[in-house]
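Visitor: Provided herewith is a single structure, encoded as structure tokens, for subsequent inquiry.
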Amino acid sequence: MFIGYLLLILAIFGFYYSIQQINGSSIFKKKNLLDDWISKQNTISFNSILKNINPSGTPRGFVAASLSTSYPDYFYTWTRDAALVVRVLSDLPETDDDVLKDYIDFQIHIQNTPTVCHCLGEPKFNPDGTGYTGSWGRPQNDGPAERAITFIKIANRLKNSAYVSQKIVPALEKDLDYILQVWEQPCFDLWEEVDGVHFYTLMAMQRALLDAFDFFNLSKYRSTAYRIQEKIERFWSSEENYIRVTHEVREGANKPSGLDVSVLMAANMFATTREGFFTPGSDKVLATAAAIEKSFSSIYPINKNLQPDLGVAIGRYPEDVYDGYGSSKGNPWFLTTAAYVELYYLAMKEWKQTGLQINAVNKPFFERFLPIDDHCIYYSPDSQQLKEIINLVSLEADKFLATIQYHQQRNGSMSEQYSRYDGYMQGARDLTWSHAAFISAIKAREGNSVAF
């Protein structure tokens, strides 16, 4: 045990020393510069989101995925994107309540709009509020679950008002009833490419039902949530030491690795520390994070010979072929890179509360920057060793932020993707979800998670 602690101390000393030598200035100065950028970017991202809500010619409450109308055309609203964006806005005191109410009103409208799939899992709607009728991956059943989560967040913010009881509750119950009906059925994933049973979708559903139990105190929601959790457990692959993204694939993109950053996004957004179920700091999620990062570090040219203060650029999944315009080779995304920032900081928050055990499952996560032997080691919440580990992991988390800063435009714009070859932005301009993901990551960095 003593030798393990000694190695840890030596590793930490060497880590700090090497960074200072390579960068030629202290890490603290770099942190101050990063903090200054974060403060400015937070404001830019907030305003960018508002700019994409109710743009000219659209109904109030319409949340555009992007203002880009060609190459690519993202001037639509997705149930998922809108819910996840407004979920973040509802957590910010500077958000006007009218913005949230407009979102609710528009969502109630599209709940009752005729659609091709004749269900609440219709993913995409036109700028005039009508359903999109073109060929698409339908249904996408994470959408109603994410909307229910956001409805409950808004209801809790607005307290016991007539608006909550008369407007939000009936619409919320409609989404919850839908989840109870369809949770066992395959559907398309959040990337709209694979028809099957998905870790992300099930995590969204179980979180919506757990929140609903807290809100309504009805046992049917909790009992179904626990049944969903039993199904989610099966996504863990002990042979591969990571969580596979999809089971029971019926059609769609080929993902032989089974790796997908949406697994980590699900942990960030839908896990609860109270339940302790696939949380960001849990062994299996950390192991999955390590496997995904390792994969992207090898397949993206911009991840070769990285500057020491930059983190690995993260995409959706290794086999991705969507380049933001068409099919070729997939790229890193801003929102997926931000997911790593959020994951790391949420994990650190857990360790501060419960302590940390390094074991055979999560070893791949920690062995990248710590000397790890084959023994399980537990660090208590108040131990100096854990504090030093957290310092190391926070430096690694901030490298992902530095990557976002490095590849965005100087004016704070963030598109959907940035090139795997040269890092320049491509795809839909100022993707609303990119900006929301950044704000959510910074909330986690500040210790004020949107999720929990």
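Just so it is clear, glycine is given a Cβ too, placed from its N, Cα and C backbone atoms.
Summarising the annotation, Swiss-Prot assigns active site, proton acceptor to ASP189 and lists sequence analysis as the type of evidence. Taken from Swiss-Prot, the feature active site, proton donor applies to GLU192. According to Swiss-Prot, the feature N-linked glycosylation site maps to ASN23, ASN217, ASN411. The feature signal peptide is assigned by Swiss-Prot to 1-24.
Help me picture where these features are in the structure shown.
Guide: For ASP189 (active site, proton acceptor), the same-chain residues that are 6 or more apart in sequence and have a Cβ closer than 8 Å to its Cβ are GLN140, ASP142, GLY196, HIS198, TYR200, THR201, VAL245, THR246, GLY252, SER262.
The Cβ of GLU192 (active site, proton donor) lies under 8 Å from the Cβ of PRO123, TRP136, GLY137, GLN140, each of these being in the same chain and 6 or more residues away along the sequence.
A sphere of 10 angstroms centred on the C-beta of ASN217 (N-linked glycosylation site) encloses 9 other C-beta atoms. In the three-state DSSP classification, ASN217 (N-linked glycosylation site) falls within coil.
Under the DSSP three-state reduction, ASN411 (N-linked glycosylation site) is assigned to coil, being neither helix nor strand.
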Visitor: Please report the number of other Cβ atoms within 10 Å of the Cβ of ASN411 (N-linked glycosylation site).
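Guide: Step by step: centre on the Cβ of ASN411 (N-linked glycosylation site), count other Cβ atoms within 10 Å, giving 6.
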Visitor: Could you give the Cα-Cα distance between ASN411 (N-linked glycosylation site) and ASN217 (N-linked glycosylation site), in whole Å?
Guide: 47
